[in-house]
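Working notes, structure below.
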Amino acid sequence: MQLTNFTDYGLRALIYMASLPEGRMTSISEVTDVYGVSRNHMVKIINQLSRAGYVTAVRGKNGGIRLGKPASAIRIGDVVRELEPLSLVNCSSEFCHITPACRLKQALSKAVQSFLTELDNYTLADLVEENQPLYKLLLVE
C-alpha cells in the first residue's frame, strides 16, 4: 500500500511542527519551503489537519500554525485514517460482475486494518523526540 502525496505531506508537516521548540509557531510558507511542496497543496492539507484538531491556526501579525495537541497524543494511524482514502478496490456490482462472490475486498480490508493497527503503536512524539539527525535535516535547533 502506498500513501497518497496528500497523506505523506500531511505527516511531514506534522513532523516538522513537532520538531520545533514547544509553542513555536511556523507558517505554511515555511513548511512548503522545507519540503518543496506547492503552497496551494499544503494549504489544503493544513486545513484538513486543522479541522481534525491536529493543527491550530492563529491569525494575525504573530499568527501561524502549530500542533493542535501534544505530539504524544497524535497517533500516526489516526492521522492516516483522517487523510487517506482507504478503499483499495471498487467493488460495485456495476463495475465488477464477481462482486457477489468475491472475497478480495474482505481480505484487503483486513490488511488495511492490520496496517492501521500497527501505525497506532506510534505517536508523532515517537518519530521526533531526541531525533538529532532529523532536527539537523530540518534545520531545527
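Glycine residues also receive a Cβ, built from the backbone N, Cα and C atoms like all the rest.
In Swiss-Prot, the annotation DNA-binding region applies to 28-51, one of the ranges 28-51, 100-123.
Its own atom aside, the Cβ of Cys102 ([2Fe-2S] cluster binding site) has 13 Cβ atoms within 10 angstroms in the protein chains shown.
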